[in-house]
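Below: the structure, in structure tokens.
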Amino acid sequence: MEETSPPAPMPTPPRKRSVWLLIFGVFWPCLAIIVELLSRSCRSTFFDPLPTWGHLLLTFTVPLACGLAWLRSHHPEKPTSPWHRLLLGAAWVSGSIYTCCLALLSHFAALFSVFSIFFFHREPLLTILPFATLGPLLGWLALWKARRCLPPSPEQTRPLAWIGAGLALVFFVAIETPLAIFHARLTGSSESESLEQKGARAQALRAWGDEALLRELAYGRSLQIPSPGLWLLSGRAFGGNNSWQGSSIGPELARDLYFRVYGRQFSEKSPDRQNLFLPGRRDEEGWADEFQWDSDQGSDQVGARLKGLSLHSSRLDWHLDAPSGLAYGEWTIEFSNQQTRNQEARCQILLPPDAFVSRLTLWVNGEPREAAFAAKAKVKAAYQAVVQAQRDPVLVNMVGPDRVTTQCFPVPAQGIMKIRLGITAPLSEGGNLHSPLFVERNFAVSTQIKHTLWVQSSTPFDSSLPGAMVQEGATHTWRQDVPDAQITQLAFHTSTPPYPVVWTQDPYEKTKPPFVVARWQPKPARPVAKTIWVVDSSASLHPWASDLGKVISKFSEYQPMHIILPNDTGFREISVKEVTASDFSNLFVGGRDNAPALAQALISAREHADPVSVIWLHGPQPFSFTETTSLEQILERSSRVPEIHAIALEPGPNRLLEKLYRHVQLHTHGRCLDMASLEKILQTALGRKQDSQWTFSWQSSAPTAAEAHPVWDHLARLAVFQQVLTDYQSGKDTQLLAQEAAQHQMVSAVSGAVVLETQAQYDQAGLKPVDPNSTPQIPHGVPEPSKVLFLTFGAAACVWQRRRARPARSVYI
């Protein structure tokens, strides 16, 4: 009998793909991930499930493994890929971790889902949130279905799932370790720590830090547990509670740490975006339109950037007067508030060298209102009282050399607030005028914003930026729209030197002789036997490292020098050879406290009998890191204190400079824009290049045309400003000095300016606004020199006729 071959096996019919696997294993986990990325609801309430890209990659292993299983389930005859087995094992670990993290929350998800449908049906994202909470649990259960959908695997490939699980676990521990170290270092921070402890902490946070997380703490946001691993260790995933809690450090300490670690202010960047797709407007920086409490409102601090608050427009008008070596400018600023509540705009402005504010105007209901000038404490108290009443004040106070703070409240909701600052500025050596600029602010400045500039003069001048120079009769004018990024480098130069002797009548003087005479004379040079250099090694000066090495090496040939470099734990002394080494730039990291290094410089200087100067090359110092008691004690008590020449290489707030401002030994210098300007400043500071300055005297009669040239009355304001500063640094009665400064309508070290909304508010504060006709103005046209002389001598003649019966007074210098 003929044998018959067995029939060929029937092909395995294709399976029907599981819809449930696709829904619960792919779509639902992906929905949970996307909702969290958009809303960050879990991060802001419980813990951050996706703090790094590694965590995001780990979570996507679940929908990826389930998706591949769903695709392969239609062809059961094909063996499972080894890579798929590895992926499946990794997905088991990921799903188990996140299921445990959300175990307690998952119990309430179903109930809250019904609740959200009824009460949040108008907000789709809020409706989806409780459903998304079930994503990890449903994805983990779907992995069981995915395993059953896969065809059998050869024996040799089955351990691959365990290998994948082990690799995923190792990967999870690796990405959690830096976060755990950072969290442990951060939660141990304290205001009472020593400088060495704070330095060591800054070094650790720099190595293991999370910049976005620390920045959010600096903005005042409460920090929950920053990762799923720490959430599990805390026990809170299952209702427990132990020492692994969120950080409790306050915003002030967080801001201090942020600068120490990264070397820049926290407010230079906005906080991480949160709740981006919740209802509300996003401003030009991408911030959500959510409530932000302004804890610094009405205080002396500029503080954090406020959402929706921005610079709306900026206009600068300048008049340069070469004969007097002075300039007067008016900066008109508009602030815009896109929020639904009133906000306060605050900023610190860096004025041109040796300049001061001589006018302040606020527009109220479209009408300009002039300021009242008085002692700083008095105008500040008036401002704070009106802020509490939610009315319209603006306050300007001087906080340091060439630095004023401006506060405006309220910038109305969905509205604009307009102010104007009048600035009197002496032209620096060589006839240079630098533009004022913001060095600290709590509002945004869009990249689209441009400062509208107009500069005029009766003599030719040029600018550091190309612009259309137009001559209209005897007036030379320059106009251009300048981007905010270029305003730092903007300067104007006139080659016409001032007259050697000039005079003006002081329209505000009531006690001293009324005529001010100024002589352009060389500054007395002080020979220096040795210099001590304090070089700020913060990250902001890293671009200067190479130039600093060259400059220090060059000046070391002239005289002996001692170099002190601040670091995280205090300071270190280095040699010129180390400064010129190729790795010198590696020392510029983080943000360094310069006070200990300056104190050491003064201690070293007192040990020398010969004259010693301290050269302080610095960047921003936005916080008062340590007590400056020892530093100020030496400045106040020592009979042999060296001069401190503070040279800012990068613009920014400097709290240490603000504290030392009242000491006569401190000398600040002009803007340092490049290596050439730095060398010029150093040559002047060390007495190798002679500088000139105005010296003032007061007399009872006007000089003749042969004796002096008449100029505008800004000369009198400058004379009083410098006299008040000198007397303030000498320790004279600040109340009398404040009266003198307020009488001359200027913001000085002892006086400020405030604009209030109504006369009743002025009366309540005991203040009187100035007469608008007495305020300085930008000339609409520059008259010919002959007309100026005619008008000036006519006025002088009238004054002389009025005062001729008075006995002559002695000259006051």
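Cβ atoms are placed via backbone N, Cα and C, with glycine included.
Each residue of the domain 'VIT' (297-425) gets a DSSP state, and the totals for helix, strand and coil are 13 helix, 77 strand, 39 coil. What TrEMBL lists as domain 'VIT' is 297-425.
The transmembrane segment annotation in TrEMBL covers 20-38 (among others). Distant neighbours of the transmembrane segment (20-38): 49-50, 56, 59-60, 62-63, 65-67, 69-70, 73, 125, 128-129, 131-136, 138-139, 141-143, 145-146, 149, 276-277; these residues of the same chain sit at least 6 beyond its ends, with a Cβ under 8 Å from one of its Cβ atoms.
If one looks beyond the transmembrane segment (50-71) by at least 6 residues along the same chain, the residues whose Cβ comes under 8 Å of a Cβ in the stretch are 17-18, 21-22, 25-27, 29-30, 33, 36-37, 43, 84, 87-88, 90-91, 94-95, 97-98, 136, 139-140, 142-143, 145-147, 149-150, 168, 171-172, 174-175, 179, 210, 213, 226-228. Sequence annotations record features per position, and here TrEMBL assigns transmembrane segment to 50-71 (among others).
What TrEMBL lists as transmembrane segment is 91-118 (among others).
What TrEMBL records for 125-144 (among others) is transmembrane segment.
Same-chain neighbours of the transmembrane segment (160-182): 51-52, 54-55, 58, 61, 82, 85-94, 97, 204-205, 208-210, 213, 226-230, counting only residues six or more beyond its ends whose CB sits under 8 Å from a CB of the stretch. Taken from TrEMBL, the feature transmembrane segment applies to 160-182 (among others).
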